[in-house]
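Annotation source Swiss-Prot lists repeat 'LRR 1' at 22-44. What Swiss-Prot lists as repeat 'LRR 7' is 177-200. Summarising the annotation, Swiss-Prot assigns repeat 'LRR 8' to 202-223. The repeat 'LRR 10' annotation in Swiss-Prot covers 248-269. Here Swiss-Prot flags 270-293 as repeat 'LRR 11'. Here Swiss-Prot flags 385-407 as repeat 'LRR 16'. According to Swiss-Prot, the feature domain 'IQ' maps to 540-569.
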Amino acid sequence: MHHSSSGSRCVLQNGLELTVILPRLHRFDIIDTFKTLTKELLRQEHLPKVLQKKEPHQLTDRTFFIDGSNQGLKTIPSEILALKELEEVHLENNQIAEIPQGIQQLQNTKVLYLHNNSLQDLCPELGALSSLESLDLSGNPLVISSLHVVSRLRTLRELRLYRTGLTEIPTGICKSLHHLELFGLSENFLESLPEEIVNQTKLREIYLKQNHFEVFPCDLCVLYNLEVIDLDENKLKSIPGDIGHLVRLQKFYVASNHLMSLPESLSQCSKLSVLDLTHNSIHSLPSSLELLTELTEVGLSGNRLEKVPRLLCSWVSLHLLYLRNTSLHGLRDSFKRLINLRFLDLSQNHIEHFPVQICALKNLEILALDDNKVRQLPPSISLLSNLKILGLTGNDLLSFPEEIFSLISLEKLYIGQDQGSKLSSLPENIKRLMNLKELYIENNRLEQLPASLGLMPNLEVLDCRHNLLKQLPDAICRTRNLRELLLEDNLLCCLPENLDHLVNLKVLTLMNNPMVDPPIYVCNQGNEAIWKHLKENRIRKMMATTIQAWWRGIMVRKGYGSYEELLKARKKGKSPPKDKKGKKAAKGKPEKGNKK
């Protein structure tokens, strides 16, 4: 599911891992993750990276996996084509303009990745790879007429043609590739699918995102093995009732279309676990959808619901729920039945009172309430003992809500106020959030920070941009894990003298501050220049202190009175004080008689 946001906002990266991203949400796909891990293990276990062209002795007849990606290759090296036992070949992200005839030697190759190269034509010999199961030609400016070669690859199970400029799919591909299970066609210019697509009876996944479909391709509804359909970012106005025939469908992505309603028959897709309806024009859901009891992820953001659909509260298996920008004013009492929720996005709504129903969701780990009208938090928020990320940016909080300090698992807090009320202080009790790693408190009216920040050992990111800070507490130098300190647009004129002790600090921003120490020209040179300036300052100060102590000792030993008296006398223009014998002390060395 895709959500965007400006500024610091609390949103989800991948569902089950439950980590935050800014500003985009991505799907969590355990299958893809497993494939990635498997690929990496193979890479580590069997062969160093391919080229290896410089060390050809490392390539042997028994080599079956090779990675030549990101090498700047313009052709496929003959050394690779000579490896007849190769099963998996990665040549993506190069500058390869043509496939040589020798490609036909790779008769045992099952996986061939050539995406993001400069291929236009495909040589006929490519069609001779009789063992090939997975082919990726994405991101190449392919000539459509050359794709007929692909139809000869009868063993193909996965074919990816993303971003290849396709305006149509060659019918030969759909007629001949009867074993195809995954068909990737996203980011092209397709308006329809050939009717021969019905021959793909083994197809499990089809990706058609970012094309020009105005009508749902109904032929998909007879492909009964389909588990994943991705039609995000098209121009669909409706979904046919025949969608109910896809009883094995598990993931259905139709975000960013022009849908106004859903068919009742969608309820027959009883295995559906992910339903993304984000950014459509849906006002209500058919009551029959309450039968979709296996749903774990639902996206309704960007629709004008105004109320939480009653049936939604029956989806008790939900882990992730996106209700961003849906014109909500509150939640139903039955919302507390969603006890398995881990992520809840209620941002950009019209919520004035924190929904207490949320406090019953004890498994909740991420809560986004950004850009609402919430004024205070209830004490019962302490029941959210597993909450790790809380987004409250852009609300009408009258003061920093101390109820937050009861959230013992909190790791990231977003409470910047780019709109709504501004906070004037950050309580010393912030130290109670011992697990806090990131604190975003930008766009407020803070004039100072609490010294207790130095007692937060896990703090890594502190965003205080656009406040009224005049100085930083010296204690901040003890937050040894701090990686980012964002201070631009404040009233700072100096930095703590030991700030360079923050050895993990990689990002320090000081723009739009009236800096004097270090001066602006030093600040503009970056961290190293700032650290050097602070160290030199300490050395100068230490030397001045040493000289002062030495001179004070001399004055006292010579009997000229205390150092302070001497300073006072000089400031008033008087003569130096007399020594103990009543004689006036000389300006230079003391007389021998005065020596003790």
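All positions are counted from 1 along the displayed chain.
In case you wondered, yes, glycine gets a Cβ from its N, Cα and C as well.
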Stretch-averaged pLDDT - the repeat 'LRR 11' (270-293): 97
Distal contacts, the repeat 'LRR 11' (270-293) - CB-CB under 8 A, six or more residues away: 1-3, 27, 232, 247-264, 299-306, 309-312, 314-317, 322
Residue counts (helix, strand, coil, in that order) that DSSP gives for the repeat 'LRR 7' (177-200): 5 helix, 3 strand, 16 coil
Structural state census, the repeat 'LRR 8' (202-223) (DSSP three-state): 5 helix, 3 strand, 14 coil
